[in-house]
Amino acid sequence: MAEGGSLRNRTRFGSRSNEAMNHVDYPDENFVEEIQLNSDTEVMEKPRPIQIVLAHEDDHNFELDETALESILMQDHIRDLNVVVLSVAGAFRKGKSFLLDFMLRFMYSQSSSWIGGNYEPLTGFTWRGGCERETTGIQIWSEVFVVEKPDGSKVAVILMDTQGAFDSQSTIKDCATVFALSTMTSSVQVYNLSQNIQEDDLQHLQLFTEYGRLAMEEIYKKPFQTLMFLIRDWSYPYEHSYGLEGGNKFLEKRLQVKQNQHEELQNVRKHIHSCFTNIGCFLLPHPGLKVATNPYFDGRLVEIDDEFKKELRELVPLLLAPENLVEKEISGSKVTCRDLLEYFKAYIKIYQGEELPHPKSMLQATAEANNMAAVAGAKDTYSRSMEQVCGGDKPYIAPSDLERKHLDLKETCIKQFRSVKKMGGEEFCRRYQEQLEAEIEETYANFLKHNDGKNIFYAARTPATLFAVMFAMYIISGLTGFIGMNSIATICNLIMGLTLLSFCTWAYVKYSGEFRELGTLIDQIAEIIWEQLLKPLSDNLMEDNIRQTVRNSIKAGLTDQVSGRLKTN
């Protein structure tokens, strides 16, 4: 590719009739589209991987580099083209970037020898040998390839590289977010696995795709498009041959739902089938010991086993040949580069917020379920025991006795919770014990209200309060009317009428069960009047009466003593 005012070559792949599903014929140079760029307005940079989703390790959050993404997707010649996004995801240090660089060779090539020369170093997405992660966040290649499909339509092809999952610095949420984002925005997701498809690989796929499906506002049939299982270092060609045919037979067995399978295993497989429109599998051999053990390996084909190169020549065209390209769709509609930019912005906001639940490790999820079950068991014990004390068919019990029973049962239930074997450790379990105590107190408050409702005096508080208000207003109205204070008498009559209307309404609500909110409001107003006015007044009157009674008793006692002494003298 030339820079500045030179011509940019973009590869066009023609299609001819092929005898096998994987066979691809390569075009001659007449199919290469040349795009003239104005050197005065655009300075071409060397194509390179561009970081579009940044990973912040300190707070385990992700940020979209909108400027970088916009500079790629909003170029004049591609922004209104339908987009094809091929993403490679999977565990870290399994060769995702290495594979993508061969895809770049295919996209830039103009001949059937796209795989390159034997002594040509592999360049493109950064990769290296070793055990430490290389890629973080999400990267895309800065060069968007415009390809003409067999039907004559042009599409924009984007290659995406993702942060490897399950490294020592990433949480389950980090892994789920990266995988979900790449799956939601890609039309083909290559799930890069090593040696085999393990059950935990399927479980992680279920978790990650469900995390992506939660973030999508509308689900149109199956939310995602094509999933390609790529099994690297396949060691059993005598059972299933390398390539697509052997891979699909192997995958069919792995994803088969059997009657004798455990329900959990069946659900995993059903979920995966429900998420993707197309699912395939490709078996790729090991690239050779020189690749695995040479610290200076730079991708030269001479050091790669011939069997690997043979299958690689089948795999890459299978994904990227013009007749095999899968255009990105969301909710049944084709997505352009311009649309993809907006979807990226919308999706990253969802994952930056707190609307979605946080994915958890298997240990944490199991520990939570274990502790929640212990909480539920202890709370059930408390509720059943309290039902025996003050349930619906039990008579009213004194509040002091009820509180004493509550405290005894609470202590018993906490002991029951502690006695259950739980995962997570003491600190983890303490949070659930505090949750249990709070829920028991909340349940006790409900039982207390239910018990108060059985108290005939408590049940009669509202009508008694309303009658007291009406009686008081009647007396005050009569007195103020008698002495000529007619305005006050009128106000008292108005209050008395409103109180009478409230009483009739309350009686209707209790009888019919309708307008319960209105009945509750009347009860609350009556309770306020009782607590703030009538109860303090009655307490004062009672205190005065008791004080006067005590005074009279003392006076009578003293009088009797004095009289007795006088008689004695």
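Start at 1 and count along the chain as shown; that gives each residue its number.
Note that Cβ sites are derived from N, Cα and C of the backbone, with glycine treated the same way.
Record features, source Swiss-Prot:
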BINDING   R93, K94, G95, K96, S97, F98, Q163, R232, D233, V291, N294  GDP binding site
BINDING   R93, K94, G95, K96, S97, F98, R232, D233, V291  GTP binding site
COILED    244-272  coiled coil
DOMAIN    80-324  domain 'GB1/RHD3-type G'
REGION    454-462  region 'Linker'
TOPO_DOM  1-464  topological domain 'Cytoplasmic'
TOPO_DOM  509-569  topological domain 'Cytoplasmic'
TRANSMEM  465-485  transmembrane segment
TRANSMEM  488-508  transmembrane segment
Remote residues contacting the transmembrane segment (465-485) - C-beta distance under 8 A, at least 6 residues beyond either end: 492-493, 495-496, 499-500, 502-503, 506, 526-527, 529-530, 534
Length of the line joining the Cα atoms of Q163 (GDP binding site) and R232 (GTP binding site), in Å: 18
Cα-nearest neighbour of R232 (GTP binding site) within the listed binding-site residues, G95, S97, N294: G95
Mean predicted confidence [pLDDT] for the coiled coil (244-272): 88
Lowest local Cβ density (other Cβ within 10 Å) among binding-site residues: S97, Q163, N294: N294
Neighbour tally for R232 (GTP binding site), based on other Cβ positions within 10 Å of its Cβ: 21
Other CB atoms within 10 A, centred on G95 (GDP binding site): 20
